[in-house]
Structures are given as structure tokens and as C-alpha cells.
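Colleague: First the structure, then my questions, so here it is.
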Amino acid sequence: MTIPDTSTAVSERPAGASTAPRPFLDVRDLRVHFPTDDGLVKSVDGLSFQLEKGRTLGIVGESGSGKSVTSLGIMGLHTTGQYGRRKARISGEIWLDGTELLSAGPEHVRGLRGRRMAMIFQDPLSALHPYYTIGRQIVEAYRIHHDVDRKTARKRAVEMLDRVGIPQPDKRVDAYPHEFSGGMRQRAMIAMSLVNNPELLIADEPTTALDVTVQAQILDLVLDLQKEFGSAVIVITHDLGVVAELADDILVMYAGRCVERGPAERVFHEPRHPYTWGLLGSMPRLDREQRDRLVPVDGSPPSLINLPSGCAFNPRCPYADVPKDDVTRTIRPEPTEVGDRHWAACHLTREQRERIWTEEIAPRL
Amino acid sequence: MTAPLHEPTAKAAPSPVAEAAPGAVDEAAAVGGDTGPVQGRSPARIAWERLKRDRLALTGGAVILALIVIAVLAPVISNLVGQDPDVFHEDRIDPLFGTPKGSLGGISGEHLLGVEPVNGRDIFARILHGARISLLVGFLSALVAVVLGTVLGIVAGFFGGWVDAAISRVMDGLLAFPQLLFIIALVSVMPNDMLGMTGSSVRVFVMILVIGFFGWPYIGRVVRGQTLSMREREYVEAARALGAGRLHILAKELLPNLVAPIVVYTTMMIPTNILTEAALSFLGVGVKPPTASWGQMLSNAIDYYDSDPLYMIVPGVAIFTTVLAFNLFGDGVRDALDPKSSR
């Protein structure tokens, strides 16, 4: 089926935007709330970030920190899928190449999905339709946005399968998803997502369902393709190892908010938030100097219905009592710049942070 | 030597293969052949291959096919044996008791399954013509139910909200409705001719509509439930993420997965509907007399269960065999379409 191409007219930048052009993807104060019988679940609660083309952003956090909901919100899929018929309340602004998505009509956003922004899912076996051949699904994905005959679309499908490294693409194009191995399925999924050359690719835990050996191959593939197409990529994961390999920038999420954001280099080597310290401390590393036990982050993620007052991390934070006047339990910290393009939302002062990092945390990592 | 024949197709076949034993030539052909070693099997084909291995289901299927042929060719077959279902043979009836002359309900070379008591109509011919009514009502009422159930079930499951609530309540209401009593009441007030039809045609038409109408909630519930779970699947979300619209998702993503349950429920529904038709005719609200129907024959036979038991057994066996065949076939289809079943 074909969709009239209405998007080009709207996607142009507004006239007044000539000064200081907006980043390719600009998310401002995004909030996604789900009303439930138990109360309002604030899955994402005031998230802002920017992403340029050709860059990779890694979003890291525990289960339930709002990573996936963020990506679904950007894609305009927050009212569907695993969240069922639940009406999500979404607010804030999502600018994709000068178009604000939340105020654009659903039909307009649908025209952008797949063509300008695409998504790779965690489990390719469940994200591919079991009833159709791989080729048929890529053909359909292509024909949603391109008015071409099946033959041309099929050629394109074979080309994409070849590009993502599937051997004998002209034969495998007629295979069913269950006839592929896990890694090949994810390659096929990537081929399907990239068939329309999207400028924004969101990979939601792209390697979680795969073998460790295949993970590296898939990550390499995503990086290669990004270089080739120059798209902006968001990688969502709970695995710091994955983003360490891929991401230019890292955003650490906790309880629906950003706790630390900055260039990967800085977040890994000079993290400025106690939660990031905890994540790093709980990550197995081969280059660790002291090979003693991993240090878990104590406690469990907070309820998104009743967030702790003040800093959401305060009940689990070993340094919650360091700032004066009980401020961690009363005032919600806003992200403050702690370095070049590096923000952290924490009440610790610069001196306290640097002291704790150099004296207590860094030697243990 | 066959080697030269293979030169053009086996593109990279090295000559040692061609010079080897004749068996190896086939292998070379297979490798170089254009089908290739990887050949995907479609879900429908996988199901067919599983069904082919299920002997009970195949037997059921064969019986169903035979029944369909019998029903379609009923006038031809009864002509061949020289019998008409509506002709009276009073000469074959014992005037004293009203039962057929001779043993076993009057079975003879002329009347293969004997004749009816009192009137002496040929039972074989009436069974053949009864098959027409049974299958016609069974299939068409199932069709009505499947079309209504599928459309309303998908709509309810896919759109949800008040649409779902409304359709679901209607289904609950229909399921709780005393169907049999309703039909009996309906038939008693029904005109004798409508829409240019008369007599039994009216009855058959009304039975098809009414049985189908009361049957759709069963299939509607299944389709609705399946749609509800299917639309939450990740591949539906993936399709949305690729920009697919509602219609595309309904037709291309959801419907193929509904085919299996719909087919299974249809094969299960047909025998139930055949039984309902038999029951209605048995109760005297189904097909009207001169037209033959199995249920009606059973009903008539009740009075002669001790003097002419064969009259009761023949339509009984016909109903039993038909329903059994459909159920066996339906079970086989369900197993074949369910990838998790293993037998």
C-alpha cells in the first residue's frame, strides 16, 4: 500500500529558525505518563537531550527507568504495543529535523515512521512476522513508503540483505524467520529498518537476545551502517559494555529522568553522579585493577507512582547525607553542567564530587 | 556417460564428479540446480504436510468429500438405482401392521436400505436427499457465522474501547439466549412463502440464517481474543514502527494469524450445525415433510423402534458418521495448524 508523500512540505524548518539551527533530534522536557488503577506511572518525567546526524547516543539505565518508553514516545508508538489500550499522556517537545512530532498529526507521524525514523527491536524473532518470508517483509516495508512494483522492491530487499552481511541474499530472501539463526534474524531486522534510509535509527536493546559472539558483530554492523548512511542512532541498553563500544554520547536514566549526560569518554572516565558510579562499579571489566567482588547498587528501582521526594536516587545513594540541610530528600536536583557538554543532576558540590570520585570510587574500579 | 548433459546446468561442477559413479551425477545436478539447498516452506504447506500424515483426519476428510459428492449428485444416484425419494410404494407395506414387508425393513435389490413404514418411500433415496439438507444447512450456516464472527471479532479486538464493549455485550447476550426455543417460536409464526420461496426452502433458508446468527458469537469471541493478543505482538509494533497503517496491519499482519483458528472453528462448527438441523427437524420445526431430512426421518422412526428398527438406525448412522467425520477432520486440521502440537 502506498502513502501520499505529504511530509516534505511540513518537514522544512520554520522560517524563523535560521539562527542557531536546531539539532537534528531535539527532545525537550519529554514526559510520558500512564494513568493506571494504582496511580499515575511517570515512566518518563522531564527528559531533554539532543542528537546530531552521524552521532550515536547511548541511553543506559535499569529496567523501568524509562528507556524504552522514551524511544516509543519519539516514534509515536507510546499508545500501542505492550502498553495496550492504555492512553499514555505525553507532553514536551520532540523536534525531528525541524518538525515537532507531538503536535503533528498521527497520520503525518506515521508517514515519518520507517522513512525518516526507524527502530530495531530487542527480539528479532518476535519482531518479524512468522507468516511471511524475510524478503516479503522487507518488500512490504519498502513499499509502504515507495511507490514501486514488487520486482524493484525485491531487488532492493536482496541488496539490503547483502549489505547487512547475509550470505546468498538472493536465496535467503525467500526464507522464513524461523529458518534464520538469531544473529541473522537481527541482521534481517536491521535490513528491514534501514530499507528506507531513515535518518534516525533507534535500537532498543539490539543485542540482548543474542549470543555474546554475535553481539559484537551486530554492533559493528550498526556502526558501519551508521557511517555509511550518516544517520543519527540511539542505542538503548542496560549493558554499559554495549554503549562503551558504540556511543559518542551517553545518557544515564534513573526513574524516568536523566541523571547524567555527556560524551562517552567523560561519562566513563570522569562520571559525576553517584548512580553512574554504582553502574560502573557493578560492571564486570577485564581491565579492572583489583579483581574483587563486583559492587552492586544497593536497593531496587523506586516505584514510578510514588517517587521518593527530592532526588529519586536518594534512598539508594551512599552519599545522600553529604549535602547539607537534608536537601537530597526535599529538592529535586536539576541537571547542571559539570564539564564540557557534560551534565549531572546531583546535589553534591563540585568539590565533594571530585573528592569522592578520586578518593573513594576511582581506586575501586 | 551422462556427464555432457550436465555441463550447462552444473556451473561449477568439477569434472571428477561427472566421472564418478552414476549416483554422484544426481548430487551434482542437485547442487547446481536452480532450487538450491535452501528452500523455505510456507506455513500453509507445513500444515498440509502434517495433515497428510494424520490418517484419522484423512479418513474424515475422505468421508466428507464422499458426502459432498453424494449430496451434489443425490438426484443422479437415486435415478441410477431407479428410485425417487417421494414416490410411495404401498405394495411393499404390510397392510396389517403398516411396517415394510420382508425382513430388515424391507431391504431388497430394489430398495437398498428398505422402505419407510406406512408410505413405503425408498429410504436409500431419502438418505441421499437428506444429505443435501444436512450439508447445505451445516456449511451455509457456518459460513454466516464465520463471516459475522470474523468481522465483528476483529473489529472488537482491534479497535477496543466502546466498540469492543458493545460487540462483546451483544455476544454475551446471544450466548445466553435460548436459541432452540427462539427458533421453535420463530418457525411457528413464519409465513409459508417469502422472497419467492415456498415450503421447505423457506424453512431451510431461515434455519441457515438463524443457526448462523446464533453461532457467530462463538467464533467472534475466539477471533476477538486472538486479535487482542496478536495486536500486542512485537511484529505488529514493528510494522507500526515502519509506518504501516491500520488497514495494512489488519489485513497483512493480523488476518494471516487468524486463518488457523477460523479454519479450525469452522470445521468444528459444521457438525454442530448439522446436529442442530437434525434436532430442529426432529422436533418438527425444521424441514417440512415431503422433503427428506435425517432428523425428520429419525423423528418418524421413533414410532416404529421395535417393529422396524432399521428405519431408525439408518438416519442415525448417517448423522453419526457425518458428525464424526467432520470432528476427526477438524481435530486433524487443528493439530496440523498448531505448531506446538506433536503427534
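Note: Cβ is positioned from N, Cα and C throughout, glycine not excepted.
What TrEMBL says about a protein is an automatic prediction, not a curated fact.
TrEMBL lists B:1-24 with the feature region 'Disordered'. The feature compositional bias 'Low complexity' is assigned by TrEMBL to B:10-24. The annotation transmembrane segment is assigned in TrEMBL to B:56-77, B:133-159, B:171-190, B:202-223, B:254-274, B:310-330. According to TrEMBL, the feature domain 'ABC transmembrane type-1' maps to B:131-330.
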Colleague: Between the transmembrane segment (B:310-330) and the transmembrane segment (B:202-223), are there at least three Cβ pairs closer than 8 Å, leaving out pairs fewer than 6 positions apart?
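Modeller: Between the transmembrane segment (B:202-223) and the transmembrane segment (B:310-330), which are separate recorded stretches, there is no contact, as judged by 3 or more close Cβ pairs.
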Colleague: Counting only residues 6+ away from its ends, which parts of the chain sit with a Cβ under 8 Å from the transmembrane segment (B:133-159)?
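Modeller: Residues packing against the transmembrane segment (B:133-159) from afar: 67-68, 71, 167-168, 171, 204, 207-209, 211-213, 215-228, 230-231, 246, 250, 254-255, 258, 262, 265-266, 269-271, 273-274, 276-278, 281, 287, 291-294, 318-319, 322, 326.
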Colleague: Could you give the residue numbers and ranges of same-chain residues that sit at least 6 residues beyond the transmembrane segment (B:56-77) on either side and whose C-beta is under 8 angstroms from one of its C-beta atoms?
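Modeller: Contacts with the transmembrane segment (B:56-77): 128-129, 131-132, 134-136, 321-322, 324-333, 335-336.
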